[in-house]
């Protein structure tokens, strides 16, 4: 559901003023403003917005103060991008040298969507975790308690957590996760369980894992859905999770090594935020600071992926998928195209997108199609990505004196 702020439509009055000077004199003091709210590129910690204004100048709208006939001055529509008119914020309507207002203003607002998909995804993930813990039923698993000790939070009954020696994230056992759809290369390729590429993003290893991912999803996803709607954000979220699962399966193929979590989809949203900032670069203010903040957040999160027991290939695959999808789905029309409905009849407006936006769109679509096709073919043919990239395993885990990376 989207909410539109209704604005006063004075285009009919403007055209009447264009044709009838007497009517234009009656409207000479009328001032209506167009306010376009552009949300700056979000990071996990800050958001900012800029209000910019543009003018609608009907030709021959300038009314002289004296009765002496004067030649009407030709006025041009403002050109350029929103960024070039950022200095017009909070200014009143311009006046001509004789003191009369010479422009009419049209008020409108950017489409604003109500976020419901992201909250539903959060609720669904929590519900799935509760079901997983119910099925896990730690107290009834005597093998686990004998080997690793007592269940954690036993007062929760069958919802109690596995011993921290087995699962330090306060969650179910790996066998329960595997039974309910965790990602494992052998089951995907040799047992033809490709559905695990999608189900794994709904499972979480524990309460800590779930809270970290859901909080990140709320901070990132809600603002994106409010700006671009649930369809585009939903496509980015699910395709990014799918892409992360493919890359993870290509490089992590050791037996009994499972992968769960929505991190790939979340990194896809981060990647989409970055590409959205780049493809709509000209309409933002403070874009350098926004870009720096976003890049720092992404780098820090990817750097944490080199720790053991973290599937950084899912993060990288999700990020790349979301990055290219952002160029395809999140490009904004340039300002001249938005103004086209207020131009006089016969005037030529700008194209909807800039040339570089079209180029990025085409390149991204090609890379996405090629990437998914090659990845799926290699995966179901049993190919190992490490065979073609001998150093890529360091992207997921870097061994140190304090820990070792499992084979």
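Every residue, even glycine, has its Cβ placed from backbone N, Cα and C.
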Region 'Disordered' range according to TrEMBL, out of 42-95, 96-149: 42-95
TrEMBL annotation (transmembrane segment) - matching range among 175-193, 289-307: 289-307
From 6-24, 234-252, the residue range that TrEMBL assigns the feature transmembrane segment: 234-252
Cβ contacts under 8 Å made by the transmembrane segment (116-135) with residues that lie 6+ beyond its boundaries: 1, 158-159, 161, 171-172, 176-177, 179-180, 202-204, 207, 210, 213-214, 217-218, 221-222, 225, 230, 233-234, 237, 262
Mean of pLDDT values spanning the domain 'Peptidase S54 rhomboid' (192-331): 92
The domain 'Peptidase S54 rhomboid' (192-331), counted residue by residue under DSSP: helix, strand, coil: 107 helix, 1 strand, 32 coil
